[in-house]
Amino acid sequence: MHNGTSLTQFIIEEQRHIAGATGDFTSLLNDIVTACKVISHLVNHGALVGALGSAGTENVQGETQKKLDVLSNEVFIKSNEWAGHLAAMASEEMDAIYPIPAKYPRGKYLLTFDPLDGSSNIDVNVSVGTIFSILRCPGGGSEPTERDFLQAGTQQVAAGYALYGPSTMLVLTTGNGVNGFTLDQNIGEFILTHPRMQIPADTSEFAINMSNMRFWEPPVRRYIQECLDGKEGPRGKDFNMRWIASMVAEVHRILTRGGVFMYPMDSKMQAKGQGGKLRLLYEANPMSFIVEQAGGGAITGRERILDLQPESLHQRVPVILGSKNEVERILSYHQA
Ligand code: AHG
Ligand code: MN
Ligand code: MN
Ligand code: MN
């Protein structure tokens with residue numbers, strides 16, 4: 001039995017550090033956490049509750065939606081639309097923004113989320129997650145528009161992810177460091193188990209989808225080649241590789257033991273006019289906020305992700321994040 005700090009207690013105490021935050025913020029986070037618990041239950045029960053397989057539909061990015069992509073999206077909406085804290089939501093699985101329906105009061109925050117990250121792994125029972133980001137709605141939120149969501153990552157009030165792995169965890173930042181909580185299924189509460197998470201500045205582990213190698217830009221090729229050259233190469237040490245294909249699981253590994261994660265720009269995406277693989281508002285920004293708050297770095301290759309001015313709701317960007325010294329090295333290769 002764990003008798004530690006619950007997430008509810010933690011966020012009430014945390015809120016005292018946020019300028020202008022009222023009970024609204026705590027209550028919003030609680031509703032997000034409830035949604036993650038419901039998704040955790042669905043993911044855990046998988047085929048027993050008929051949750052696996054394809055939904056037979058496509059999202060705005062042309063990806064085939066899994067049943068659990070759609071279900072998790074609905075869970076997030078239902079948990080977060082009624083309480084009066086939000087003006088609107090935006091998600092990977094919805095083409096347009098979701099303004100809070102008129103039957104509920106509208107609040108001052110905006111919520112973006114990736115309801116199920118790594119969903120290509122769901123049918124093979126490998127870790128998946130949920131990513132979320134909270135912004136303030138400019139103008140108070142009575143008539144929210146897509147433009148209200150187009151805020152740089154530096155404006156995020158909070159960001160977090162839930163990881164549905166061997167245990168369910170929730171990792172959160174409100175701009176005051178990063179803390180990790182583990183779901184105690186018996187009491188239904190997340191308990192603080194990983195206080196003040198820090199990413200080691202150095203690493204000898206990288207994560208990249210190597211099947212795209214022939215499409216990479218020269219700086220990325222150079223970096224990975226030097227890792228592969230190991231002890232005999234310019235780095236003078238051997239590297240290990242991991243690729244889970246769940247960004248949440250990769251970021252969690254990096255928060256736990258360091259490493260660098262890359263979904264860089266490549267010529268295949270360039271030819272399609274696509275800015276990258278991962279989505280800025282509900283993947284790259286929240287993860288970059290968390291990684292920076294844990295002492296790591298997060299760039300597109302050429303610039304800091306959190307400084308980007310978003311241009312559209314589902315905009316994609318290249319992502320390189322993790323151990324600070326490696327990210328700085330990769331940045332310098334892009335500048336060379
Ligand atoms: P999602 O399942 O939310 O669409 O995101 C998938 C993302 C990310 O989690 C992962 O890092 C990457 O796509 C995997 O891409 P590849 O299948 O190209 O390796
Ligand atoms: Mn997807
Ligand atoms: Mn995702
Ligand atoms: Mn997703």
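Backbone N, Cα and C define each Cβ position, glycine as well.
Marked as Mg(2+) 1 binding site by TrEMBL: Glu92, Asp114, Leu116. What TrEMBL records for Asp114, Asp117, Glu283 is Mg(2+) 2 binding site. What TrEMBL records for Asp117, Gly118, Ser119, Ser120, Asn209, Lys277 is substrate binding site. For 6-195, the entry in TrEMBL reads domain 'Fructose-1-6-bisphosphatase class I N-terminal'. What TrEMBL lists as domain 'Fructose-1-6-bisphosphatase class 1 C-terminal' is 199-334.
Sequence features annotated in TrEMBL and their locations in the structure.
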residue : record                 : Cβ contacts under 8 Å, 6 or more apart
Glu92   : Mg(2+) 1 binding site  : Asn59, Gln61, Asp69, Asn73, Phe113, Asp114, Pro115, Arg279, Tyr282, Glu283, His314
Leu116  : Mg(2+) 1 binding site  : Ile39, Lys66, Leu68, Asp69, Ser72, Asn73, Ile122, Val128, Gly129, Thr130
Asp117  : Mg(2+) 2 binding site  : Val128, Gly129, Thr130, Ile131, Tyr161, Ser246, Met247, Val248, Glu283
Gly118  : substrate binding site : Val126, Ser127, Val128, Gly129, Ile244, Ala245, Ser246, Met247, Val248, Ala249
Ser119  : substrate binding site : Lys66, Leu68, Asp69, Val128
Ser120  : substrate binding site : Ala245
Asn209  : substrate binding site : Trp243, Ala245, Tyr263
Lys277  : substrate binding site : Tyr263, Met269, Arg316, Pro318, Val319
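For the domain 'Fructose-1-6-bisphosphatase class 1 C-terminal' (199-334), the DSSP counts in helix, strand and coil order read 65 helix, 23 strand, 48 coil.
Counting every protein chain shown, 29 other Cβ atoms lie within 10 Å of the Cβ of Asp114 (Mg(2+) 1 binding site). For the recorded Mg(2+) 1 site, residues Glu92, Asp114, Leu116 set the reference point as the centre of their Cβ atoms, and the other residues of that chain within 8 Å of it by Cβ are Asp69, Ser72, Asn73, Ser91, Glu93, Phe113, Pro115, Asp117, Ser119, Thr130, Ile131, Tyr282, Glu283. In the three-state DSSP reading, Ser120 (substrate binding site) counts as helix. Candidate binding-site residues: Gly118, Ser120, Asn209, Lys277, Glu283. Not one of them has a Cβ under 6 Å from ligand 4. For Glu283 (Mg(2+) 2 binding site), the count of additional Cβ atoms within 10 Å of its Cβ stands at 27 [all protein chains shown]. Once the Cα atoms of Asp117, Gly118, Ser119, Ser120, Asn209, Lys277, the listed binders of substrate, are compared pairwise, the greatest separation found is 16 Å. A Cβ distance below 6 Å to any atom of ligand 3 is met, among the binding-site residues Ser119, Ser120, Asn209, Lys277, Glu283, by Glu283.
Classification of Glu92 (Mg(2+) 1 binding site) by DSSP places it in coil, neither helical nor stranded. DSSP assigns Asp114 (Mg(2+) 1 binding site) to a strand segment in the three-state reduction.
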